[in-house]
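Asks: My questions will all concern the structure given below.
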Amino acid sequence: MGLAIELAKKARNPSPNPYVGAVIVKNGRIAGRGFHLKAGDPHAEINAIRDAGKNVKGSTLYVNLEPCAHWGRTPPCTDAIAEAGIREVVIGIKDPNPLVNGKGITRLKKAGVKVSSGILEQESRKLNEVYTHYIIQKIPFVLLKTAMSLDGKIAARTGESRWISGEQSRKYVKQLRAKFDAVLVGINTVLRDDPELTTVYKFTSLQVYKEPLKIIVDSRLKIPLRAKLLKKPEEVIVAATNKAPKNKARQLERLGVRVLAIKAKKDRIDIKALMKKLAEMEISSVFIEGGGEINASAIESGIVDKVLFFIAPKFIGGRDAKTPVEGRGIARMAQAAQLRNITVRRIGLDIIVEGYL
């Protein structure tokens, strides 16, 4: 099962589909292996069956997610498994998709295939935490990332912030962006840093490389038409309110940018309403990489599922230097957002704190 999970990770981002890897074992040896690349392509189980060839009959299939039992973009995997003569299927977790949930297991058992599940369950759940969240909650899985100094600053008092974290951390973030459907920043980040939000990903010739969409929260459409993010306008979504200048919206749309009109909340974009709109667009995951105001808005609205804080061993100081979470803040400590399932690790000289809200 561990190998199946590692195979599944070979897909850069199969969204809106899950990460799935499959391994076929016969007589104690691996006979076939496969993973699902992207929506519309053969599922992991099919690729493993094809890889096994004549050795598939009487074998055991290990797969991190319950095989599908319905017609979608591809035929049901359960039928192919039974027809191939696979004797046993070992599953990591059930598929939370209502079209599948438990039905794949039932169908396999009816076909005479032995089924067991819950193997490396925790690892299988984490692998598909985005997919599970999107399927059940009908809203994107949101990861908030920030980098700060040891004294909790994200920039010098002048606003200069390059670079707080080390080179290894920055490279890791570029790799991480590539695994999300969209990267979100606020207009202040665009005006201050003029970022490109590039990705770095090692991929094989078989993989499809798709840049994540760039979402800019810009209630009044202050974004300069020469901003670096607009070099590839087809990859950009700008979220504005109805009070944004109509002529600026038309200029952006002529460039190829998609402008979304999102309802306002206290004269700012209602970020929860924005997430609902993105879900309608089949955007299942969002990587927030903004400044203190966007971070505060996201946390206060309750849209953040996971945080990733890079802490650099540096002191910046300054009462006017920005912090990772600005906004009004809480009145009492009992109101503080508490992380759970926390992990701490190092990358280069930096410390990474990861946890769930």
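Indices start at 1 and increase along the chain as displayed.
Even glycines carry a Cβ here, placed using N, Cα and C.
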Asks: Could you look at LEU127, LEU197, LEU255, LEU260 and say which one TrEMBL places alongside SER161, ARG177, GLU289 in the substrate site?
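Replies: TrEMBL names LEU197 for this substrate site.
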Asks: Relative to the mean position of the Cβ atoms of HIS43, CYS68, CYS77, the recorded Zn(2+) site, which additional same-chain residues have Cβ within 8 Å?
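Replies: For the Zn(2+) site the neighbour list reads VAL20, ALA44, GLU45, ILE46, PRO67, THR74, PRO75, PRO76, THR78, ALA80, GLY104.
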Asks: Quick check on the binding-site residues: of ALA147, ILE294, whose CB has the lowest count of neighbouring CB atoms inside 10 Å?
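Replies: The binding-site residues ALA147, ILE294 were compared, and ALA147 has the fewest Cβ atoms within 10 Å.
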Asks: For the binding-site residues CYS68, CYS77, LEU197, ALA296, which one has its C-beta crowded by the most other C-beta atoms within 10 angstroms?
Replies: CYS77
Asks: Using a 10 angstroms cut-off on Cβ to Cβ distances, just flag whichever of GLU45, GLU289 is the loneliest among these recorded positions.
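Replies: Among the recorded positions GLU45, GLU289, the lowest count of other Cβ atoms within 10 Å belongs to GLU289.
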Asks: Substrate site residues SER161, ARG177, LEU197, GLU289: biggest Cα-Cα distance, Å?
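Replies: Looking at SER161, ARG177, LEU197, GLU289 as a set, their Cα atoms extend up to 19 Å apart.
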Asks: Please give me the binding-site residues out of CYS77, SER219, ILE294, ALA296 that lie within 10 Å of GLU45 (active site, proton donor), comparing Cα atoms only.
Replies: CYS77
Asks: Look up GLY292 (NADP(+) binding site) in the DSSP assignment and report helix, strand or coil.
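Replies: Reduced to three states, the DSSP call for GLY292 (NADP(+) binding site) is helix.
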